[in-house]
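Participant: Feature annotation from TrEMBL assigns domain 'CARD' to 3-92. The feature repeat 'WD' is assigned by TrEMBL to 653-694, 742-783, 876-917, 1039-1070, 1080-1124, 1125-1166, 1167-1208.
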Amino acid sequence: MALEEGARSCLLRFRHNLEQDIQPSHLMDHMIADGVMTVDEEDRITAQRTRKDRAVTLLELLLRKDNYAYTSFYNALVKEGYDDLANLLHDNLPDVHKNPSDGSTSYVQTVLSEGGVPQRPVVFVSRPELVNRVREKLYRLQKEAGWVTVFGMAGSGKSVLAAEAVRHHELIEECFPGGVHWLSIGQLDKPDLLVKIQLLCFRLEQSLDSQSLHRTPSSLDEAKERLRFLMLRRYPRSLLILDDIWDSTVLKAFDIHCRILLTTRNRSLTDSVSGAKYEVEVESGLDENKALEILALYTKTKPKALPEEARSIVRECKGSPLVVSLIGALLKEKPNRWHYYLGQLQQKQFKRIRKSSSYDYDALDQAMAASIEVLPDEHQELYKDLTVIEKDIKVPAKVLSVLWDLEPEEVEDILEEFANKSLLFVDSHNKPYLYYLHDLQLDFLVEQNRTELESLHTKVVRQYQQHYRDGPPTSGDEECLYWIRFLPYHMAKANLSQELYSLMFSLDWVNIKAQIMGPAHLINDYVEYGPILDKENSEVRSQFQEFLSLNGHQLEQRPFPDVVQLALSQPCTSEVYRQALQQAQDRASTGKLYFDWLNKSSVESLSRLVIHPQQGSIYSACFSHDGAKIASCGASKTLKVFKSTSGEKLMEIPAHDDEVLCCAFSPDDHLLATCSSDRKVKVWNVERAMLLRVFEEEHEEQVNHCQFTNTTRRLLLVTCSNDKYLNVKVWNLNKPSSQNTLFGHFEPVNHCCFSPDDSYVSTSSNDGTVKLFQVSSANMWKTINVRNMFAESDEEVLVKCSTWTADSKRIICAARNAVLVFDVDTSDMLLEIRTSRLSMVQYCHACPTSNLLAIAFSNYAVELWDLEANKKMADCSGHLSWVQRVQFSPDGSQLLSCSDDQTVRLWETKRVHTSKAIHLKRDSDVLFNDEDIIVSAADNCNRLQVRNGRTGSVLFQSEEKSSRIRCTCMCRQPSVVALGQEDGTVQATGLTASQVLRTVGCRIRHLLTSNRRLLLAAGLCNGSVQVLEVPSGKLLATLLGHTKTVLHCQFSHNGQILITSSEDTTIRLWRWQSGVCKVLQGHKEQVRCFCLLSNSPANTRLLSWSFDGTVKVWDIESGEKLQDIEAHRGAVLSCHVSPDGCFLATTSADKTAKLWQCESWQCVHTLSGHQGCVRSCRFSWDSLRLATGDDNGEIRLWSVKDGSLLKICSREGKDGMDSLHGGWVTDLHFSPDNSLLVSTGGYIKWWDVEKGEALQTFYPKGSTLKRIHVSSSFSTFVTIDSIGILYVLQRVV
């Protein structure tokens, strides 16, 4: 905005006068504070030799600036006492300071109304100087995002001032064409803040087209990101007004790089956020003339005609706008009571509410008492009832209708009377209206009625109980929200302990409140009222709180999950489970589906706390040195700090332009260092969340790691990178460039750290070495050649990290699948910890207070080892992806781990232990026999296991196989188990019923006597197949022939033939007892699966499918290929033959499914519509329907007769994986009556086939379910998840 011509001419006309008189140094302080002059410009002016030269230079600068600078110069003249000079400039003040009489054009009214900006109060007094100062600052936001803070004491009129400032056509048109959006904040906790932002996002999205509506954000982080997107992309030049901000942590939620005007009492709030900042102070009281003008407007008289008592009232209340308005509202109806109200203010000596407060409590208390005493007696009693309302809470009339037992219309009339007397405020933007008290009014009521608080809260509870005898409200309207949110609060305040126990220990209440308000409010209730609840039963309180903590992410999903089904996964001893089972049994009688997890007792959770700090992989997490905080960073490019006790977020910073690879606290915890793929190293002030230093010139490749010295004696920072030569640097934060470069590595350096005494730096590199450098001289002291420890392999050795023991005598490094311990002085290897070759060590850290070592693995595991005993002490399982980092707390009591699964887990080192649970692989087979469930699968130690599905007990366990077990199957008839291996061999074993009974006992007597023998087969990754006897483990056969991994195995109906398929493209038919084998050749790519065409022993045809896009039909007896079908252009992923044998279904990566006629093998229907690979299919038992599932989680139901689409299941509600099913749909099964369908993906879902609607969902601990085994009665379901947990689910009846 260029300087207006009139203002320019005025400066030129009176230039001589100004040059003669002004003292530039005094004026420039004000202009710098207003942001119209820079420090450099001040230095340039100050450098002039004489005062006049400085004045001349200042005016020359001013002529080149804009209207804001002219206005700031004018204000500076006024403040410094140059009234005569200011008068010369006054008539030519630019438009930005000319207060329009109204500004409320139709355009302005529309914009402000849509944005929820409050209207002018009925009695309004203009404060043009303040309004113009706010507008001047708002114009600063025209070209950049930033903050304008309006601060002052409560009751000073900040909110009215903020609303008036934006009531200006040119301001909105030029600066905020995207609109103005008002949000009342007040004192909020995190759940309330989330609700506020959710409502704002909803309001903003409603203004867009319906296609833009999204699922309601379920977390504060998600809500902040949604608001950031809306403000930057959809409303890029709009203003967000935050009214009544109290807390800097709340303000940080709006630190989204947009334009914000805020009102607050705390001038320093914006210190915690980033961006340009401007402020306007509002005086605590009106001047006498303005206060008298308010009284004159209320009493409809002229200010000069007011009685002398009016001035006395203003002086008595010190010009407080709030108090003046209260007295004015009283005088409006009783204009002859000037002397009476003045007497009330002077004579009533109320006790101060809070002496340390910024409120003027003497004046307010007296005004409040005078206001209430004029009410009718019955209304005074009703007003007293408002004492129970929480601060900053708006209440609908219906709530008060319940409390007062009056008709809503009568309540509205009473509330209107309160509002007219300024005893209550009305939010008219909501329909129905909401009513609330100013916090000063509420403080006054609480003090006045302190002895009656318990009885007042009791009245609320009793009135609620009488009104809602048949159950809590569930409508979701404002009345419902109030009761669901605040009923526990009122019970606690009323000391109604038994009522609170009954409420909080009820799964019904959990269900209702979680659905309406989300889990955050519920968890907060159990924490806040924990001391009361624990008097009744601390164990039950803990059980409910744990249930919510572990399932909170599920309870935030929409559609809302079934709480009873979630609760059925709780331990059988839990009160939560007991109530869930009772409800499930009751509802099952009406046809509702519920499933009990029979073997859940075998699963334990050792995590103390699980935190989900950010989206994307977490590459680094670290404790502060006092152990109170944790910092994390990763793929989201942000740095976050949260409490180690609760996970409460303390700070979030958009730290880098690319992935943040490491973060580290300084020894005094005042600083945090971060390094990134953007090649920069940054240092942050933790307390203020402010960037202090950026080192961006020296590293030319990504910076992998950073660490401060361990003591403050000499604070240094070491970093390492992927640079070829200059890859390790030591920084002194007081210097702009690195203090030293440590030379020695010529390959990327992955990790660097100081020794405990800060004498040395160790570096770990892709060159296969760990190097130790002296910190004082920057010279390399010695090299430890880790590569030589892997001499048996030609593969390169990448050293991931190194860590020092507390005494600095040993250094431990991680490379490949091993952790190696070296003596620092001699470089001799002292200890080697080798893990499975299938898992790589990602990181290790030595405990600073003990001999423990924590190791992070790529197979999602964390292990604790005792270095002295060379013994594994604990398994810390729970992560669902690669674990990137582990670190002990400084006192060694806790361990943290972070992972690509987006979580940070905390463990108590004394509580974790070596897990007895064996994790199973997902390739499994199951036999259902009456009440018995027998499961076979490989475990994480590559042993073949057979388990009792109901109890989880192991019936058989083989020795560890040298080659990974890839598939397994069991045979009901002659009792044998087969297993296939990677080496191409197959092995088999057998047993008699008497042998089984002697070994296992009578628990499986019925199973084995009815089946006589049990065979177990397993295919291995070495290509071999083994057949074993169960439970003795006797090897009946080893079948060699496959040259690559055996992918699938299955016995024929009579158990005489074992069929296997392999990556070597062949299928083999083994007469396993004699070793005779037929090879079926013809596929060109791996054969992942096959099936027998019929369950009839008389039918000897076999169906196979392959990644080569073909389906082939074989005769088992002769080995002849009967049919060769070019089925799809992409890999064939699944096939199924209809129960009547008439049709074959195939699905493919080409996104289609096809139906084939089994007699002619001609394609009769091509089923198109899936948007992803079609991974699974299944015919209904009546052969009339076909279900298909794809990689987007979508399930489609088709008519077999004409190929038409009948239903699409899960059309709505994508989850966090952008899937409809938590992942690929991998398996499908119909119930015998064809009315139900079960599917697996990221979780298990049961569907109503006719309606295509989900009836129930089971969420496993892990993810990526591969298949599900279903009993013939459709009552028992068995599957294994990605982290090896076995689920045996039985329908509740």
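The chain as shown is numbered from 1 upward.
For all residues, glycine too, the Cβ spot is worked out from N, Cα and C.
Where the annotation comes from TrEMBL, it is an automatic prediction and has not been curated.
Any idea what these are sitting next to in the structure?
Facilitator: Averaged over the domain 'CARD' (3-92), the predicted model has a pLDDT of 85.
Same-chain residues lying 6 or more positions outside the repeat 'WD' (653-694) and placing a CB less than 8 Å from one of its CB atoms are 252, 271-272, 274, 619-626, 629, 631-641, 700-712, 715, 717, 719, 721, 731, 733.
Same-chain neighbours of the repeat 'WD' (742-783): 701, 704-711, 713-714, 716, 718-730, 796-804, 806-808, 811, 813-815, 822, 824, 827, 848, counting only residues six or more beyond its ends whose CB sits under 8 Å from a CB of the stretch.
Outside the repeat 'WD' (876-917) by six or more residues, the chain places 602-623, 625-627, 630, 632, 634, 644, 842-850, 852, 854-858, 860-864, 1262-1263, 1282-1283 with a CB less than 8 A from a CB of the stretch.
Residues 1044, 1047-1048, 1050, 1052-1054, 1057, 1059, 1061-1069, 1130-1132, 1134-1137, 1141, 1144, 1146, 1148, 1156, 1158, 1161 of the same chain lie 6 or more positions beyond the ends of the repeat 'WD' (1080-1124) yet place their CB under 8 Å from a CB of it.
In terms of DSSP helix, strand and coil, the repeat 'WD' (1125-1166) has 0 helix, 24 strand, 18 coil.
Mapped onto DSSP classes, the repeat 'WD' (1167-1208) shows 0 helix, 22 strand, 20 coil.
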Participant: Other than its close neighbours in sequence, what residues sit by the repeat 'WD' (1125-1166), given a CB gap under 8 Å and a spacing of at least six beyond its ends?
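Facilitator: Apart from its flanks, the repeat 'WD' (1125-1166) reaches 1085, 1089, 1091, 1093-1094, 1103, 1105-1113, 1172-1179, 1181-1183, 1186, 1188, 1190, 1198, 1200, 1202-1203.
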